[in-house]
């Protein structure tokens, strides 16, 4: 008997080792901002990469090399892309733009063959649709500055071309003046642990000399259009030096886009030492503008919460408690006599737990809502803690998909346990689990497939490749579905939730009302929407206007406030329905808070009409509305689940306090 006792410390050490090792492996999947860096020595070669061409006018990304740009000597090679990047339409390729650390030079790249009609039309269309070239150096997107009405505005990327106000001609951007900000780094004995693109790296005392050098902390560009003599330029070879070039101010010195023109591409590079440290290099991209607006949103939500909390407080302490106390103090004969005189929620005691219409659908939607809510909460918490850096493109979307897949076990458990509670038996739990695994993913699949046909027709890089479809199907049916079935099986083994009162065989007639109850349900959604809509504006701007969104701390606070408001709204509305002897509270409690999705979708349409006025073409509008519809459905399932579960707990607690013979 003493042998296990002596081995306990060893067992604990082994378990601790595996836990620490697991944590290290998991942390390797995330990028910690400011924890991993590249250092370069003088003269080191650095190649820039190019991402898809994007436009806020069309929202249709295209490959960089779909236009007649210079290609690298070794050919075009795609960078490894994660699941999130593929779904976003990113296509990161190598480029011929070569930099040497701390070497300022002017470089010739290439001269195109004479442009044909197809290339001219394509260049003009991309120019007039305001397409941007997105270049990346050391994982930093290129940034440019522009003056608009006396205000300095920063943008990521630079335009394909320039169209003057009179629109007499279009001019291509063929000369780039780069400014690379570098910070001199010296190993100072600080141990750095990072999880960058090249895996986990540790810089220790012995490696200080190796890491001393320069780190890139800024990447800026001034785009120019410069007309050059093609006969002179074609005598040069790629990477030959040329004389420095200034951006011309006269239109006749710009390079026009016209047939038979031969366009020469060149660039200048200037390295500038900066005091910006490597952990702060993303600050220029993530400047939080309008922080007062975020705080106003939070304070506005807090006012709504306190208002609703006051109503709930009155319901519980003044109305419910008072009625229950009076009811419990009476003897049985007096209770029977009182029951004949009672009105309100106490009269529906025999019907309040009657099975709702479409109970299977309700169980499935609640299960899917739990899954989406868990995914959103964990993702936002990790992002707020800094594990979802914007430097790791696509990591946020990839993390959301992985979390959704593994949270299928929660969906199956909740939906099957609710089914057992309603039916009183586990029969049919497999079909409930299957429906939970396929309901929201099926809706998303239908919407995304329809939108994908539009993207395929437009030959956009935003179209999901066929291979990725098979990968998503594999993840869906080999991970999410089995885990949902496992969760459903666990739900059959969990203790059954017993109703505190018996249900009558004959349903009680619901009194006629002056106005339909669905008006109250729809109106209830305005309160959660008031909590959400300001933050929704920033989220939509980040998605459709190409802005970085990184105020996840605010988003986490808004999510918590939204959960509280949805719970309070649903409880208040459920109590109001019970007071007018309406015992059909199941679906109404779900849609009381879930109706916020309707206002989110209407707000998305408003945003399209008034804030995305530059969006052109029916394809772009259909894409926007399709993605907005998918977002609204996800919000409906999430907020509806919050309201329903809180109302179920409220009704169960309320009627468990009533003594019935």
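Just so it is clear, glycine is given a Cβ too, placed from its N, Cα and C backbone atoms.
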Between the candidate ranges 295-317, 318-340, where does TrEMBL place the transmembrane segment annotation?
295-317
Are the transmembrane segment (434-456) and the transmembrane segment (550-578) close enough that 3 or more Cβ pairs fall under 8 Å, when only pairs 6 or more apart in sequence count?
no
Report, as numbers and ranges, every residue of the chain located at least six residues beyond the transmembrane segment (590-610) whose Cβ falls under 8 Å of a Cβ in that stretch; write 'none' if there are none.
362, 365-366, 521-522, 524-526, 528-529, 532-533, 536-537, 540, 544, 565-567, 569-570, 573-574, 621, 624-625, 628-629, 631-633, 635-637, 639-644, 647
Stretch with greatest number of CB pairs under 8 Å, the transmembrane segment (468-490) reference, 434-456, 518-544, 622-655 candidates:
434-456
Using a Cβ cut-off of under 8 Å, list the residues of the same chain at least 6 residues beyond the transmembrane segment (361-388) that approach it.
30-33, 395-396, 399-400, 403-404, 407-408, 410-416, 418-419, 422, 432, 435-436, 439-440, 552-553, 555-556, 559, 586-587, 590, 634, 637-642, 644-645
By Cβ distance under 8 Å, which residues at least 6 away from the ends of the transmembrane segment (518-544) in the same chain are close to it?
56, 59, 290, 293-294, 296-297, 300-301, 304, 308, 551, 554-555, 558, 561-562, 565-566, 569-570, 573, 576, 588, 591-600, 603-604, 607, 611-612, 615, 624, 627, 639
Mind checking which residues reach the transmembrane segment (394-414)? Cβ under 8 Å, same chain, six or more beyond either end.
30-31, 81-88, 90, 366-368, 370-372, 374-376, 378-379, 382-383, 388, 433, 436-437, 475-476, 479-481, 483-491, 494
